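Let me begin by presenting the structure, written as structure tokens, before commenting on it.
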Amino acid sequence: SFLRGMAALALLLASAASAYAFTGPAPVALRHGRAGALSQRLSMAATIPKVPFSGVSPTGPSGPTLPAPGEDLEFLEAKPYWDQSGVQVNIAKQKNPLIGKIVSVQRIVGPNAPGETCNIIIDHQGKLPYWEGQSYGVIPPGIDPKKNKPYGVRLYSIASTRYGDDKTGKTTTLCVRRATYWCPELKAEDPAKKGVCSNYLCDCKPGDEVSLTGPSGKVMLMPEDDPNMTYMMVATGTGIAPFRSFLRRLFGEGNPAGKNFKGLAWLFLGVANKDSLLYDEEFQVYLRQNPDKMRLDYALSREGPLNKKGGKMYIQDKVEEYAD
């Protein structure tokens, strides 16, 4: 069926998404004329129940936000919207990084999540502009003992729109999972094998300086000339980063794309359990405010429900539920 084919394509495009990837998955965009029947079938979006979540949600600039009355964000828009002639890449490089400052670091998963994921806001002073879908490089301090030279660049997909969560155009947001290694012999985490950069970022404090490179990678450009577009987005874990920027652009800001949008944004997100859900409170706000424009489906592999074969519910199983 058409939906089965599009769902399969979405999964293929999403397979490379991660917090470390400099290119993320492209959303599947369906023209309104071809997706009319699909949009009708998804009219039940208004009745989708809230997924229970008892973890920690971002606060401050990264908390759930809606366009303020009269908000008119256009100072970072291109005209026409697809003109990327002004989009720069690799403004800052490893030999000459930009020194940004940490604005905030906040754990955004609950106590029962397997691992720690943090929402990290960095002030780049407007000197490292980016568009949705691009990545920043971070250079952790210290010497790599394996190479006896400074650590190299680690890439992280950007989780905020070009305006940043504070809508000033001077900050960026990263969604970072702390990488650790559980040693079966020690029966404890082995600090010698932990992720250098992810632990560095998650341990940062407001005001700390961080060496940045980029922006890197291609822009993930939504076809904003068609306000009736249907977007299908598929992600697991921190691969949510670019799609979180999409949803914030569509529903959380007073930019032209959001003001004109009349289509459907459908997100599939796979995580281990409810405490592992990322940005859930924000997405639920968008869903409640835009019940005819957004759909949200979660696959919780360690909590269920089970897939139709009686196994764990992974993201591909959740997508398959909607196949004809």
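Yeah, the Cβs are placed from backbone N, Cα and C, and that goes for glycine too.
Unlike curated records, TrEMBL annotations are generated automatically.
Going by TrEMBL, these are the annotated features:
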| type | residues | note |
| --- | --- | --- |
| SIGNAL | 1-21 | signal peptide |
| DOMAIN | 95-222 | domain 'FAD-binding FR-type' |
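Taking H, G and I as helix, E and B as strand and the rest as coil, DSSP gives the domain 'FAD-binding FR-type' (95-222) the counts 10 helix, 51 strand, 67 coil. When pLDDT values are averaged over the domain 'FAD-binding FR-type' (95-222), the model yields 93.
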